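Okay, here's the structure, questions in a sec.
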């Protein structure tokens, strides 16, 4: 039985093993997004100044580390393509897999540093955020870069993304389990739970990357020659004589002329902001809009569905992408977000069932859109290669440059959200008892006066943020032209750069 199971593991399709890496990220990252702010504010009692300093430093580092790591990884690929140059080699994939095998376990270890108080809350908050994001960035960059390196056609990339969504949905089950052990007063059970998640992630990263490395090394040894190896993979050789090296300043200048890249990052900045706004304020919306109207089990169900449904829904979205194209599907999701928000605004905060559906669906469709955008980045990788005639697609670097512009939305979300809430209602999450005053009678009167305003403020925050985001995104997305015939031309031109080589990725 054990040998049969082992044999099945070793014969899994490459796309399945590639997708499984999403599982070992999502089981940790979903828990991080849901609890890290609440842990430092409610459990470690971080002060407001330290929180803002930590988020500001994190904003800077979070933006810079993606292009920095991408440049260190892919700067060798920026040389101008020469006549007769080959497009890729197995060393590109093996290099990314080696990086994943090292940084995956370190990412899991950095996740554990959040849940034990080992320094002053402000210092720990800053160090934990920067360390965690550094390893997460390395994992995300190389995992996403493999999506562009392993496949060129939309069909093959959609297949890879399908398995990523499937395993991410499975990984989101950790949110259901975390809700059962989360207790601000007794943190022990939650810490044990986090240790078990980290161990699963470490074992998974080690096993999956080792399987993929063995597979590509075996393929290279058995079939490596200019004809047969390139029938198996769409990858390029690294050694090209008389190549022209591109400096970082020249690369940035090339990107500044890449019109579709600029419009995409404008749209994606708003998308990243909205995704993290939903994650950070979901518990607050449940508490102040629905806590006295629904049971604890219903709240747990809504929380779990909001994390799992986007991945399952994305499986359907990917099938739509095959028929209609990514551009049309993403545009449709923006219109849907706008329509649902307007309906909820008109209905008001007293429609409990509609409010439950809206809170869940808002997160589901927003996260679902985020999952599709990696496909758009891979198309931008193709366009960048064709426009600048690179010898190899600098996949990780382009993903890093996208993150340079869009990741600040991750930090802006809690900062702008708490500021808007405080400005409108006077409610400050950093005060230990924000509704309390000195004497008992004024305390009751103040709480009674403030609570309706707080509920109303949460409702307006819930509906006006997606309305604003949807309008900004529709404006920028309407200027994006890499779809339809233009996308087909770019794909054909990239294929023409590899004439005489394999037209598709057999390993999928």
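Numbering starts at 1 and runs along the chain as it is shown here.
From the backbone N, Cα and C atoms, a Cβ is placed for every residue, glycine too.
The following feature annotations were taken from TrEMBL:
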type: TRANSMEM; residues: 15-37; note: transmembrane segment
type: TRANSMEM; residues: 49-64; note: transmembrane segment
type: TRANSMEM; residues: 106-132; note: transmembrane segment
type: TRANSMEM; residues: 160-182; note: transmembrane segment
type: TRANSMEM; residues: 188-207; note: transmembrane segment
type: TRANSMEM; residues: 261-282; note: transmembrane segment
type: TRANSMEM; residues: 294-312; note: transmembrane segment
type: TRANSMEM; residues: 324-347; note: transmembrane segment
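Describe the structural context of each listed feature in the structure shown, including burial, neighbouring residues and relevant distances.
Among residues of the same chain six or more beyond the transmembrane segment (15-37), those with a C-beta under 8 A of the stretch's C-beta atoms are 100, 104, 107-108, 111, 114, 129, 132, 136, 139-140, 143, 146, 150, 159-160, 162-168, 170-175, 178, 182, 190, 194, 197-198, 200-201, 204-205, 208-209, 211-212, 215, 276, 279-280, 282-283, 303, 307, 311, 414, 507-508.
Long-range neighbours of the transmembrane segment (106-132) within the same chain, counting only residues 6 or more positions beyond its ends whose Cβ lies under 8 Å from a Cβ of the stretch, are 24-25, 28, 31-32, 36, 39-40, 44-47, 49-51, 53-55, 57-58, 61-62, 138-139, 187, 190-191, 194-195, 197-199, 201-202, 205.
Under 8 Å from some Cβ of the transmembrane segment (188-207) lie the Cβ atoms of residues 20-21, 23-25, 27-28, 31, 35, 100-101, 104-105, 107-109, 111-112, 115-116, 174, 177-178, 181-182, all in the same chain and six or more residues away from its ends.
Residues 26, 30, 34, 165-166, 168-169, 172-173, 175-176, 179-180, 278, 282-283, 286, 352, 356, 359-360, 363-368, 370-371 of the same chain lie 6+ residues outside the transmembrane segment (294-312) yet bring a C-beta within less than 8 angstroms of a C-beta in it.
Note on the transmembrane segment (324-347): residues 154, 317, 354-355, 358, 361-362, 365-366, 368-369, 372-373, 375-376, 379, 462-464, 466-467, 469-471, 473-474, 477, 480, 482-484, 487 of its chain, located 6 or more positions outside it, place their CB under 8 angstroms from a CB of the stretch.
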For the transmembrane segment (49-64), could you work out the same-chain residues 6 or more beyond its ends whose Cβ comes under 8 Å from its Cβ atoms?
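Residues 40-41, 120-122, 125-126, 129-130, 133-134, 403-405, 407-408, 410-412, 414-415, 430.
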